[in-house]
Each structure stands twice: as C-alpha cells, then as structure tokens.
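According to TrEMBL, the features are:
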type	residues	note
DOMAIN	35-270	domain 'GH16'
TRANSMEM	59-83	transmembrane segment
ACT_SITE	Glu160	active site, proton donor
CARBOHYD	Asn164	N-linked glycosylation site
Amino acid sequence: MPCHANTRIQLQSVANSWQILPNARLDPTACSISPTWPPPSLPHSLASSSSSAATMAPLIHLLLCSSLALAMATAVAVAANFYQDFDLTWGDGRAKILNNGQLLTLSLDRTSGSGFQSKKEFLFGKIDMQLKLVPGNSAGTVTAYYLSSQGPTHDEIDFEFLGNLTGEPYTLHTNVYTQGTGNREMQFKLWFDPTKDFHSYSVLWNPRHVIFMVDGTPIRDFKNLESRGIPFPKNQPMRIYSSLWNADDWATRGGLVKTDWNNAPFTASYRNFNADACIWSSGISSCAPRNSGSAAPAAARAWWNQEMDTPSQDRMRWVQKNYMIYHYCTDLKRFPQGLPPECSMT
C-alpha cells in the first residue's frame with residue numbers, strides 16, 4: 001500500500017556529476033532496437049558517442065529478436081488488455097477502461113480518488129506499465145503504482161509520483177517493504193516531463209534483485225542480502241495496484257502546498273501493461289517445474305537470473321548522481337540510532 005507518514009522526510013541535494021555509456025534496449029512490442037540513452041537532454045558530445053553502438057544494431061537486433069521470439073512463445077504471463085487483467089476497485093466510476101481495453105484512466109476530485117488492482121498475483125517477474133501523469137498544477141496529488149502482498153508482514157515494491165505546481169518537476173518516490181517494514185525511500189526528479197507523453201515504469205523482480213526502471217533505465221537496485229540478515233521479498237505473492245488520491249498533508253513540499261480543487265478533476269492515464277511473470281494461483285507458481293523431471297524453459301524466464309551489466313550500472317549511477325534527491329542511507333537525522341544495516345553493505 002502507498003506510504004503516508006514514512007514519506008515525510010527531509011530532501012537532500014546531490015552534487016552534479018555524471019558518467020554514462022551508450023546503450024540500447026529491446027522494445028518487446030516491436031522487436032526492434034530503440035535507443036534510450038543518452039536522453040535528448042544530454043550534451044552533444046555524449047549523444048554522439050552512441051554512434052558506434054548504432055553500427056551494431058542489425059546484429060544485435062537479430063540476436064535479441066531470436067531470443068525474444070523464444071521467450072514469447074513460452075512466456076508465463078503476458079497481459080492482453082485492462083479488461084482481462086485488472087479490476088477497478090474503488091472510485092465510484094472515476095476509474096475507466098477505454099479504447100477496447102487498451103487505455104485505463106484514474107481521476108481524482110474533491111469527493112474521491114480512484115484505483116485498480118490486478119486480477120492475478122505474481123511471485124517474481126518483469127512488470128511494465130506506461131503512465132502519463134496528471135498535467136498542470138498537480139500539487140497535493142499522488143499517483144501510486146506498486147506491487148504488494150497483504151497483511152501486517154506484507155512485502156511491497158513502490159513507485160509513487162508526487163505532484164507539484166505547474167512548471168515544477170514531479171518527485172518520483174520509491175520504497176521497498178519486507179515483512180511489513182519499509183523506511184527504504186529513495187526519491188528522484190525525472191529528466192523529462194512525465195505529463196506530456198507516456199513513459200515506461202518497470203520492476204524487474206527476481207530472487208536476487210528488485211530493480212526499478214524508467215524507460216528502460218535502471219534507477220535503483222535493491223539486492224538480496226538475506227545471507228547477511230536483511231529480509232528480501234521472495235515468499236509472498238503480490239498483486240499490482242494503482243491509485244490516484246489526495247495527499248496534500250505531505251505530498252508537495254511536506255504539505256506546504258495544498259491541492260487546488262479548481263483544477264479538478266485530475267487524471268492519470270495508463271497503457272501497454274505487460275507482465276512476463278510467474279503467476280501464483282492456489283499455492284502453485286506457473287514457473288514451477290512442469291512435472292517431476294523437467295522445469296519451464298529458461299528462455300521463458302530470461303529475467304530470472306538477470307543482473308545489471310556494466311553499462312546498466314553506469315546508467316543507474318548517472319541517474320543517482322544527477323537526479324536523486326533523497327536516499328535513506330544518507331539521512332543520519334532520521335536514524336539517530338544508526339542507519340539501516342543494508343546501508344553499510346551496498
């Protein structure tokens with residue numbers, strides 16, 4: 001579930017420094033190489049450095065498409081449309097599925113917000129969703145998009161988008177709960193306007209990592225450190241949830257800026273959901289061995305052992321140096337008795 005009081009935290013600035021390597025990502029819907037780095041705002045000197053990678057595009061395209069074709073042929077869960085994959089759970093008509101199931105919108109007015117959840121539960125996978133956030137003066141609003149189990153010892157993987165005044169940037173808030181405990185917030189500003197167009201927000205969740213990604217660029221990696229006593233979300237299946245709600249007691253500048261209801265209704269839009277994931281049903285995972293002697297093909301679970309390569313790690317460091325505005329592991333005032341133990345291990 002979205003965090004409330006835990007997000008009332010002091011933001012800290014990050015020194016501007018950066019280093020990045022060129023890269024490209026596979027677009028699974030078109031089986032093509034689409035450059036995602038550098039962003040358009042990068043200096044020309046960096047942008048031009050990606051040209052050498054572009055010369056390899058045909059070969060990379062062939063290899064990746066071959067792998068993708070095999071993976072898609074045996075994929076364990078691929079979403080078709082919002083009617084099939086989600087339930088509109090609250091909002092009294094403020095949540096809508098449109099365009100034959102290809103678009104979902106959530107709205108917020110003075111009376112109520114709205115929300116939806118996935119019909120299925122997942123235990124590990126690669127989850128993608130494209131969002132276009134509330135435009136204009138979105139101060140006081142929160143668009144939450146997250147995975148969560150249920151109960152007092154729940155696990156949770158959070159994206160939350162904190163609105164702002166017109167022309168001021170959104171805050172992207174991330175958090176990870178394990179066994180009911182969160183307090184692992186990292187916050188970012190984005191390098192684009194998330195209200196002008198749709199952008200992809202993804203979670204890669206396997207037994208060793210929870211990796212948060214924006215348009216294919218990793219921004220955070222929560223690693224499995226169970227061997228050193230740090231809980232990791234690996235035993236509780238989760239549903240996907242999203243909601244648009246009023247949180248003007250804390251969301252914008254710590255609650256100093258309130259929601260302007262003259263701008264209501266506020267609307268966020270969703271499309272192109274995809275879950276290449278292990279479906280959990282009646283205590284059984286769709287990724288479990290198909291019989292006593294054989295397991296599901298590894299190609300169908302390419303994300304199962306996936307880790308960030310060196311270029312991906314460089315991209316994440318670039319984002320964190322330039323756009324991260326809060327990291328719980330640097331907040332000594334918040335943790336006077338000592339930082340969480342994982343802070344000294346990563």
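Yeah, the Cβs are placed from backbone N, Cα and C, and that goes for glycine too.
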Row the residue listed as 'N-linked glycosylation site', column other C-beta within 10 angstroms, all chains, value 21
Restricted to the domain 'GH16' (35-270), the mean pLDDT of the model is 86
Around the Cβ of Glu160 (active site, proton donor), other Cβ atoms within 10 Å, all chains included, total 22
